[in-house]
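Here is the structure we will look at, set down as structure tokens.
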Amino acid sequence: MLEILKSLVKMVCFLVLFMTASVRGEASTCKLWRKTELPIFSKPGDIIIGGMFSVHDSPIDYRRVKKEPTFDLNSLNFRELQCTQTMIFAIEEINNRTDILPGINLGYKIYDSCRDVQSVKSLLYFSVKMIFNTTDNINIIYFFLQYLPKIIDGNFFLFLSFLQISHGASCSCLSNKNLYPTFFRTIASDYYQSRALVQLVKHFGWTWVGAIRSDTDYGNYGMATFVQIAQKEGVCIEYSEPIYRTYPKEKFIKIVDIIKKSTSKVIVAFVSFSDLEYLLNELFNQNVTGYQWIGTESWISARNPTFIKYYKLLSGAIGTAVSSAVIPGLQEFLLNVRPSNNHGNTDLSNNGYSSDVYKATYAVAYALHNLLSCQNEKRPTANGTCSIKIKSFLFLQVLNYLKSINFSTSYGKFVIDYNNIVWAGSKRNEVPKSVCSESCRPGTRKAVQKGRPICCFDCIPCAEGEISNKSDSTECVKCPLEYKANKQKDQCILKEIEFLSFEENMGILLVTLALLGASLTIAIGVVFYRKRDTPIVKANNSELSFLLLFSLTLCFLCSLTFIGQPTEWSCMLRHTAFGITFVLCISCVLGKTIVVLMAFRATLPGNNVMKWFGATQQRLSVCMFTLVQVIICTLWLMVSPPFPNKNMAHFTEIIILECDLGSKTAFYAVLGYIGFLAALCFVLAFLARKLPDNFNEAKFITFSILIFCAVWITFIPAYISSPGKYTVAVEIFAILASSFGLLFCIFLPKCYIILLKPEKNTKKNLMGKMKPK
């Protein structure tokens, strides 16, 4: 197979040379001055390792020279020159070792690609010589691949029997083994560099950036990955413009105008050193400064004298660089290359590219060593034997062994020393800002502006009851039921629990009225007890009067159970105590009304009606009426008793701690029964209104019941419409108002006669008849 391949190559090369010779005339005016093969460093050996580096940055236009061209020393790339010396150092070091390729001397031929298409011609000649030369064995070549023309793919090198190990070609496109089966590299792919740049931009909070890229596979592939990852991380690209050193000046002027009109203050430049120089020159001419530059390894760490001119533009630039490592003995080797007393123009620092060249050279040496010693049980011959001769191995065999070579290094964690960074504009400790919209503070949410990238947004305050506790929240979170948002809407706080307490003014006022009412009732009871033998006390059924005063005292005191924090026991007590005491009170009034009515409506002589409603019947009637209410309240407590409840439906800012009625039916049954007794009492009192002038008991009962009914009729709508603690206050007011109405209307006139008009406290005065009209 190898022989067939060589024959085909020889045939093609012969045809090319024949056609070239046939078109060359004697009077030809064209002459190619440059030599076809121009190695800048070479050394013979048993195995030759080829190298290609861009030692000079500026390509030469051979169409315009009329004599042998010379290189411009200003275009000398010291970094690449150091790489060539590192390769030579590594080969010399390997030759001096006994554990790698013993007895075999490695040689080298190193070419200057000069970032020029002419390098392809040199490479072709190199290949032809390798195939036709039976004495040399040039099987390996590696070079700075990213500067070669795009037309060269991996199959081209596979055809030329070349292996490539690059120390600087970082384009992620070269990871495709279908297109580049013989390509290896010791530098990380831009797949990872792009992600590192995104993390760098995100670390400093730059969410709005511009992008400049070289219009090459290096720039286009690298920037495409950067944009893809940046969008996932919330970083927006305001513009993305390609540049290339052969673009016309008008194109660079247009890009500078885009930069000047943009609002982003950070520029990510995924460009090669030579392309960036043209853009920087135009920026320098227009004095465009104040931008924070983010760079890639191709230019961020470049030590080029021309960059001094653009210091004002690039001041504070940061980016990713190739990790460097100390290579023992390399610095001494470089100093011995050309001894000089002035080292001012010589950079001997350890750069990452030199380290990668060093590793690449050793990778080739280890692959050759493993091949020639048949390690790892990989037998290169068909019969499984290991009889490899230096001048007979195939490059595919080296390729097979090269795949098993591994180098791993560690350079520590990613650490940023802020103190040593001088940001754009020569500012220390002040990181530049580059955002489309200012960060939304906690308490607001982001709303993307219509038709603009996600980094351009408005900050909308959270709605009532919602919060956002971090910056740049995309949504607000609703607080739990028992919590509310604070004024800043950045955290949920417990809602205020509201109930009618003893400490607040309204509670103090109601407690005062309740105690005053109870005290007045007790005082009236004391007066009645002391004057129990007087006609006015005896005429008003003293037994029912004392029981009525006792029940009124309980009515005043039961209102106190409505004040304070509701508990399970207080909720059950307040409504049942209210219902029973009021029924007891109304029952006493009803008994007094019936007694008055029967006493003064007995018109037949000798009719002894009172024997049917004597003292015993009066007590039983009061007990029976009250027992009915006791049964209703007992059923209420057994079936669905009142309980403390946190009412959060009426208000968003507060929690109303109230007593839930449990069974509304039972509650209205209690009120209904009280209303029924009051209505019955009112009817009977109204029928007994025409009594002697000096005995107005029925009129006083009528007025008191009228006030009682009016209070409780107005209570129902007020109770339903009153919010929060005012609901309880309305109920307490109804209890106190109705109690005071009964107390004043029934007992105050009697106290007036007893205390202020004792002369009227006679039986004759009480039994006086009405004057005829």
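Heads up, the Cβ atoms here are built off N, Cα and C, so glycines get one too.
TrEMBL annotations:
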- 506-770: domain 'G-protein coupled receptors family 3 profile' (DOMAIN)
- 1-25: signal peptide (SIGNAL)
- 506-529: transmembrane segment (TRANSMEM)
- 544-564: transmembrane segment (TRANSMEM)
- 576-600: transmembrane segment (TRANSMEM)
- 620-639: transmembrane segment (TRANSMEM)
- 666-688: transmembrane segment (TRANSMEM)
- 700-720: transmembrane segment (TRANSMEM)
- 732-755: transmembrane segment (TRANSMEM)
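With a threshold of 8 Å between CB atoms, the same-chain residues lying at least 6 positions outside the transmembrane segment (506-529) that come near it are 500, 537, 542, 545-546, 549-550, 552-553, 556-557, 559-560, 563, 725, 729, 732-733, 736, 739-740, 743, 747, 750-751, 754-755.
Counting only same-chain residues 6+ beyond the ends of the transmembrane segment (700-720), those with a CB under 8 A from a CB of the stretch are 586, 589, 592-593, 596, 671, 674-675, 678-679, 681-682, 685-686, 689, 727, 730-731, 734, 737-738, 741-742, 744-746, 749.
Proximity of distant same-chain residues to the transmembrane segment (620-639), defined by a Cβ-Cβ separation under 8 Å and at least 6 residues beyond the stretch ends, is recorded for 544, 547, 572, 575-576, 579-580, 583-584, 586-588, 590-591, 594, 662-663, 666-667, 669-670, 673-674, 677.
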